[in-house]
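Inspection log for the structure reproduced underneath, given as structure tokens.
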Amino acid sequence: MGNNVVVLGTQWGDEGKGKIVDLLTERAKYVVRYQGGHNAGHTLVINGEKTVLHLIPSGILRENVTSIIGNGVVLSPAALMKEMKELEDRGIPVRERLLLSEACPLILDYHVALDNAREKARGAKAIGTTGRGIGPAYEDKVARRGLRVGDLFDKETFAEKLKEVMEYHNFQLVNYYKAEAVDYQKVLDDTMAVADILTSMVVDVSDLLDQARQRGDFVMFEGAQGTLLDIDHGTYPYVTSSNTTAGGVATGSGLGPRYVDYVLGILKAYSTRVGAGPFPAELFDETGEFLCKQGNEFGATTGRRRRTGWLDTVAVRRAVQLNSLSGFCLTKLDVLDGLKEVKLCVAYRMPDGREVTTTPLAADDWKGVEPIYETMPGWSESTFGVKDRSGLPQAALNYIKRIEELTGVPIDIISTGPDRTETMILRDPFDA
């Protein structure tokens, strides 16, 4: 039995993590975010009602679940207050269910200004960030000049630290990026207005998780973005600014790494990517348009159209290695309904003619890489909403089996629609 279960994306994000986390939290007592910020976009559909969460863990909708934002998350007070209000307006008592680590770095207005100024300066070489200040906030954290939730307990010292760091960043904005300076007093006033709310939710997360482990409580760790966007192991520099792999759980929450029991990789039945960066299996034809339309592939956070392509098992195998995956949850299988044939990328052809079955490391090494496909028969029958494996077409079952063969990891959960009831749990991670 696994008490601590990690749910993370195995591709470039947008795999459908939110629904699965919400489904599995029926048995969890805690749900923990351990990296990223409000650049995430987790969509839940419950009884036909759609909820999009960017910062607060997906377990917040559950009455008996405590949601935790761990130290690995960069926290925007403005984004958190907005999300809290939206949920509270719907009758969800967020403050009774949400806890924060005092070590969470704060995202403030100058981080957003820097993010946008840098993307503008890059021009055609822009990374495609969400423009929400995520990267600059992590940069401040590593440079040891960042302000954290815990700093809000001493308001006078916070004001002094803020003044110092803003002088540094405003100098960059004005003199290097030729942008407007950010107003110190406004940032201070806005932050002080919510300081007491933030500090009232602070808890020692590492200690709480250790006590939960000793009691045998079920804990779900909710990843954001996807493995191939990891700052160290992704398609650098077209990556996010945090560790999206399973290793980020320990550093981003304070849980001892030996206590991770099961890692569930969310795997979309095809591939998508938002923004710039390598994508060997990308489709530019009518099939790509079909996947985009049928899958409603527009970002929950940015609204941007996602790039689409066939499932890339070479890249997914890298995710298997990096995360020591226990099992997959296959999502959006129904999007492939109606295609005469489906393809799996099983290898890459390098510019020098070599065939490889492992991914390059840096973005520059992906240049000229061509996908090598294996083609399988598609299916005309609908898989939408199917709740039993026996109800799937044989061609869909063959597709599932081939993914398992190519990756060496079992598919333990199959999602056939956006509602949490439209799911087959073949093996429950908490029972594995």
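Cβ atoms here come from the backbone N, Cα and C positions, even for glycine.
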Identity of the IMP-site residue among Thr51, Thr157, Thr235, Thr240 (reference: Asp14, Glu15, Gly16, Lys17, Asn39, Ala40, Gly41, His42, Thr130, Arg144, Gln225, Arg304, source: Swiss-Prot): Thr240
DSSP-derived structure type at Thr43 (GTP binding site), helix or strand or else coil: strand
Nonlocal residues around Arg305 (substrate binding site), in sequence order (Cβ under 8 Å, 6 or more apart): Cys292, Glu297, Phe298
Least surrounded among the recorded positions, given as His42, Arg304, when other CB atoms within 10 Å are counted: Arg304
Distance check against Thr130 (IMP binding site) for the binding-site residues Gly13, Gly16, Lys19, Thr43, Thr416, keeping those with Cα within 10 Å: none
